[in-house]
């Protein structure tokens, strides 16, 4: 009879990678345990993807109401109750966490609350927040320990004046004068939210554009949109020094091109300059797991350098996206199932990291998959580009939201989709069609020949594919 403290699989970390891996392992008949030090759902569900979308939805509704008169509606005294906005986002996150708890029970997964560390390669110690530590053993482990916000060396988080993303989600009131360092997804989403709530927002970005990993044309549209909303942008600027007092933060910034320096003063600063993996203090060095720049090194289906220990999600050097972590978790669990000889006849599909969708939920929304126009050219592809502006979309006109476009970058010889980029209303929903198309290697001809319902925003996909061929109808 097996020990109650022994499992076939122990998953460490209950975020979107870990809890999905645990469910898939349980579905495949593996006796599974999940260890989580905080609430189930991890950063994504509790302090990332979900609550930020709730905040942004409040901002989006507020912006709509500000333009109610153009729809023939009268809305007087429009204002945000910031406390209620924050409480709603926490309520949404809590509800989703309860959903994960239900899924653990449904799939008969043992959940241990506490901080895990390896005693040896088969044994972990779990330290709960209260009570005595206990040990578990397992045949296989899946590390899904995630990552945390990276701090600037000269500007550490204090939760008062210098805020992490987590801090920024639970501010007690609107920040009058706010700086955001970093214009990736985290930075521009908080810029959007706080600007809508009434903050004076300034973005400081080291690279030349907002969302520097996106297509330059798309970034340019976002920059102009933010400028119209009064969001100040210091692009190609680095933060040289910072002085934090009880009343605010003074930043010295430098233009990378002209070398000109400038001092700026703010009430608070949000720092969104990347992440660092949570791989310290859990005993990985002691059991021989190799790290590269703090990330777990892996081969094959996410096996670490210790063959029975897997790693997925933000603690490995793959795109730090919740949907990527979930997909990796499924594949790690399936690989373990194959190794223990479960009769499921699995054919494990390798992830194609070339076509992973990325979404930013600011207004206008931004979504993309594959290569930018600039990257495709740099890689030597001969390309053709098709675009469809939302100003030509009947649905966008009816919605009163015509900012943006659909852009497809196609291989000229074969007509395959190398990259697709959308900015505008519904972008984060529409990108799925183009992700499927890119992964299935469909051609722009096939996409253009696919009838899309009218009137829809997604017609822009069909039209941009036709534009690649020089056959767009409505532009």
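Using N, Cα and C of the backbone, Cβ positions are placed for all residues, glycine too.
TrEMBL entries are annotated by machine, without manual review.
The shown structure was predicted, so the numbers you read here are calculated from the model rather than taken from an experiment.
Record check, TrEMBL: NAD(+) site residues include 182, 183, 184, 185, 186, 187, 188, 189, 274, and the candidate from 205, 214, 217, 250 also listed there is 205. Mapped onto three states, the DSSP output places residue 49 (disulfide bond) in helix.
For the NAD(+) site, whose annotated binding residues are 182, 183, 184, 185, 186, 187, 188, 189, 205, 274, the maximal Cα to Cα separation is 14 Å. Averaged over the domain 'Pyridine nucleotide-disulphide oxidoreductase dimerisation' (356-464), the predicted model reaches a pLDDT of 98. For residue 454 (active site, proton acceptor), the nearest neighbour among the recorded positions 44, 53, 314, judged by Cα separation, is 53. Burial estimate for the recorded positions (53, 454): highest at 53, by number of other CB atoms within 10 Å.
Between the alpha carbons (Cα) of residue 186 (NAD(+) binding site) and residue 44 (disulfide bond) lies a span of roughly 12 Å.
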